[in-house]
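S.K.: Take a look at the following structure, please.
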Amino acid sequence: MQLEEGVKLVEIFTDGACKGNPGIGGWGVCLKFDGEVREFFGGEPVTTNNRMELLAAIRALQALESLPDTGQSLRVQLHTDSQYVQKGISEWVHSWKKRGWLTADKKPVKNEALWKELDQLSRRYQVEWFWVRGHNGHDGNERADMLANRGVVSVLSEKAD
C-alpha cells in the first residue's frame, strides 16, 4: 500500500469472546506499527460478546496514545470480525447521534456508553474500518481471537484465586 508522505500506517486486529452470552468475556488486540507487534487482552466476569467486541476496538484505539511520536500522522486500519462494530461505527452511529442515541424504532441504543467512547476515539485518528470473516485463517484475526480467549482465561484464573 502506498501511503502519502508523512503518514504512518497502523494495522489493528480486534476480537471479542464470550463463554455464554451473557457470560465470562474477553477481548484481544493485535496492533502492528513500524515493524513492531503489540498485543493486549483483558476480560470481564459478566458481559456480552458485543460488549467485548466494542471494548477490543476501544482498547486498540486507546493504545495508539502509547505509540512513539514519529512526527507523522497515523493512518489506522482496524480489522474486526464483528459486523456489529464495523457497521455500527461506519454507518449506524451517525443516525443514532441525530436521534439522541435512539435506534430507528426509537429504542435506546444498546451499549450506548461504549459506542460514545468508540466514536470519540475514532474521530481522533484517520480510521478505516474493515470487516473480516472470523475463523477463516486470517493471521491477524486468528491472533486477536487467541488473545480474546486468553482474556476469558484470565478472568477464570482470577475467579479461581
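The backbone N, Cα and C atoms fix where each Cβ goes, glycine too.
Since this is a predicted model, take the numbers as computed values, not measurements.
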S.K.: Please state which member of Glu36, Glu39, Glu53, Glu65 Swiss-Prot lists alongside Asp15, Asp81 for binding Mg(2+) 1.
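M.R.: That Mg(2+) 1 site, as Swiss-Prot gives it, pairs Asp15, Asp81 with Glu53.
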S.K.: Can you give me the Cα-Cα distance between Asp15 (Mg(2+) 2 binding site) and Glu53 (Mg(2+) 1 binding site) in Å, rounded to a whole number?
M.R.: 6
S.K.: Near the Mg(2+) 1 site, what residues other than Asp15, Glu53, Asp81 in the same chain have a C-beta no further than 8 Å from the centroid of the listed C-beta atoms?
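M.R.: Near the Mg(2+) 1 site, beyond Asp15, Glu53, Asp81, sit Thr14, Gly16, Met52, Ala56, Thr80, Ser82, Val85, Gly134, Asn141, Ala144, Asp145, Ala148.
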S.K.: With every protein chain in view, how many other Cβ atoms are within 10 Å of the Cβ of Asp81 (Mg(2+) 1 binding site)?
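M.R.: Within a 10 Å radius of the Cβ of Asp81 (Mg(2+) 1 binding site) lie 22 other Cβ atoms.
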